[in-house]
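Feature annotation from TrEMBL assigns domain 'Peptidase M1 membrane alanine aminopeptidase' to 313-432. Annotated Zn(2+) binding site per TrEMBL: His385, His389, Glu408, in sequence order. Among the features that TrEMBL reports, active site, proton acceptor is placed at Glu386. Per TrEMBL, the feature domain 'ERAP1-like C-terminal' maps to 586-873.
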Amino acid sequence: MGKGFYISRPLGFVLCGLGIVAMLTIFSLSVVYTKEKRKNQVTAINETGMVTTAAPHTTPAPSNEPWDKYRLPDTLLPEYYNVTLWPRLVPDEQGMYIFTGTSGVALTCIKETNLIIIHSNKLNYTLTLENHHAKLTGLGGTSAPAILKTWFQTQTQFMVILLNEKLEVGKSYWLYMEFRGELSDDLAGFYRSQYTENGVKKVVATTQMQATAARNAFPCFDEPSMKAVFHLTLQHPPETVALANGMELGTESITIEDKKLLQTRFKPTEKMSTYLLAFVISEFTKIQSSEKTNVLIRIWGRKEAIESGQGDYALNVTFPILKYFENYYNTTYPLSKSDQVALPDFAAGAMENWGLVTYREQSLFYDPKESSNGDKEWVVTVIAHELAHMWFGNLVTMRWWNDLWLNEGFASYVSYLGADYAEPTWNIVSNIYIFNIFCHLPPVKVHKMNCLFSLEERSDGAATGSEGNYLHEYAYSNTVYTDLWKKLQEVADADSRIQLPASIKEIMNRWILQMGYPVVTIDTRTGNISQQHFLIHPEAVVEKPSDYNYEWFVPITWMKSGSNMGQHWLLTKTALYEPMKTGTDWLLANLNVMGYYRVNYDPQNWERLLTQLTTDHKNLNMIIHRAQIINITLALRTTKYLLKEKEYIPWESAIRNLQYFFLMFDRTEVYGPLQTYLRRNVQPLFDHFQNITSNWTQKPPRYMDQSNQINAISMACRTGVKGCSELTRMWYRQWMKNPDSNPIPPNLKNTVYCNAIAAGGVEEWDFGWQMFKKSTIAAEAGKLLYGLSCTKEPWLLNRYLEFTIDPKQVRKQDAAFAIVYISGNVIGQPLVWDFVRAKWEQITKDYDDGSFFFGRLIQGITKKFSTEFELKQPTASAHSSRPRLTLCRAVCDAVSLRKGNYKPDSKKVGTLYKL
């Protein structure tokens, strides 16, 4: 990409998506311990010759017993595990895919106790000769107490071992268990993925442990602070390869029960948390870095994808990003290899397992012939995000999940830096600014931290260098967020150039420990500045008190008529700052949108800004400032100047904010006037790109223009610009005539697929569906998944909805996305809600991955909800289903957010007719 401020539209969604994914993870983590678990099935395991028993169901009752609490007691610490697992990649006689395993853990007694409480979920255990589920012995000459009783607490997911005597403080013991579990397709724990290659079904055994699913794979102390070393051995079919966090130490042929297998042992891991453990058994192939690199980089995936070059780009950027972070953190990457694996089925976008990072195929693979610029940006940004975690999250880990926002916020911020290093011509670091424009979403800490880290490092420099000190001091251990504040403070104290109005802790706690953020109002007539708690729903009553009275220490950067005026701190509710009494000059605050706050002005200053924007918008010399004004007001008046605008960022800002108008008005009487007004504004942009591309036959020369071309065509088709629909249908028809040669420019596929299918009928839809089923490129399949949701035929949408919950038609990982896409269609929205209510029990039973599905689904399909009647419906449906707190939390969050949606007001609606 050429110089300038640029972010592609797809990447913009990705960056906000990263934050939203973190939000969904956070709320699921906070309630996952109270999630209802299905009863374990009692099944005999004949093939191993071992008698097993399922964990008996225990009815929970109010109790102060340690096994009824959701946190592990502080009596024991794991030192290391020896784990051996054998997944079956073919079903047994009952049609189940299973795995068997053995696990031993060396644990040290910290406080006297006669109880061993260890996590276990959905595992069946082999009974010992004494009829217990585990065996305990002493280490280093220590004698172990006898086991009196073992049982399971299903509600808290614990195996409980009662001893006849107390363990001794400082002594170590060995706890050994044999077990089996189901290798299900639920995308959590130790699960199975599958794909078809040359007509043959291939099964992959893989993992997703975050947040609390390591206990589904083997018994363990499954909390972030319970770090240990893991010695892994995997047994697998001869035609497969086994991967784990550590490097392979060796593979040997073995025979078990007359079955020939391979047994692969791995180098012990570093001391780490259970949620970062990973292993994959598959028929994947790889490409790898040269011997010149001191860290082995390997990209793994389906043979067809690797051989067609889809992994090449990931291989090219992984090592440079890894080396960049070594320098940035001033800390050497502690492992000998970094495996990146693309999985056909994966709930998240990617997972930062230490040494074995797992991805959706769309997040790791890039096809230069078929994929778009946005796809490429997505890949490099996600890789950078996950590699950032190798230090910030893996080497140093939060003590408990309530500080997950710190890991994700920091990784989101530095992912721009790593991606910018790998692709310096894109100037992707400027995306920090554009993301900050849109990171003022509902108050979520991960968004705050992305903005605040950006502010810290670029405003006062306190962040620079502090991360390395932090990592060195707390390597291989756990921290709380205040530990980072201490390191930031040390750097600030040592640099006289850094002048802060209070300590780092005092400043940051106001942003972290209070809900939301402020809106700062500047009155240029008097120089008065004030702050107020910003609320999406203005009439909402904030019931949660704050020790800081919902006041913040706000760093205000500002300019006057184009001249940078430096920074001023607002430390109180109101203050007088004479320099901001500007007279006839316009004032713009929060430059580059570096602060996590909104800005409002007196009416006269707004008029001066709008006049400047409409008469000489280029005098607001930085493109980002034009986008900022559009975003701040959410007022259609600020979009009038777009008739003259040709740059990407202002248009991207305008379109993102206009999405809210489309959501609220596309079913009302004002939608027609709104379309007419926007059609006038986008017509010059559409004509501009038609000219510079020689009537759509060439690619725009500037990189950022290639993304703005997407905006031009998308908005033109949406508002009915003459020639736009015909253009997309022409391209799509050409493809239908020759399915083996797609003439649609990769950057425009998303827009063309949607608009062509919307303008067409069953023939266009069926062709798109056939291409979706045939696609071997994940990014291409994703575009078709979206495009198919755009049809205007209700019966096609209903058929598509039925496909979404059939894993043979749409992968489970994509089901929520497809349903949400359909709900974004004005015709599909009521169909989706009827469908979800009718299929509620099936959906909650088959699609509960414990982290992502319900958040994506409920947040997505309620976007248009605004009336009291609409808001009551999801709550009623959630209450009618069997209790599941992840679902209830998703519904409550969605309903709370949608209460701030537009409520019809005849006076305000009337103003739209005057545009």
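From the backbone N, Cα and C atoms, a Cβ is placed for every residue, glycine too.
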If you measure Glu386 (active site, proton acceptor) to Glu408 (Zn(2+) binding site) at Cα, how many Å is it?
10
Could you tell me the mean pLDDT over the domain 'ERAP1-like C-terminal' (586-873), as a whole number?
87
Local Cβ density at Glu408 (Zn(2+) binding site) - other Cβ atoms counted within 10 Å
27
Applying a 10 Å Cβ distance cut-off over all chains shown, what neighbour count does His385 (Zn(2+) binding site) have?
26
Glu386 (active site, proton acceptor), number of other Cβ atoms within 10 Å:
28
Across the domain 'Peptidase M1 membrane alanine aminopeptidase' (313-432), DSSP yields 67 helix, 18 strand, 35 coil
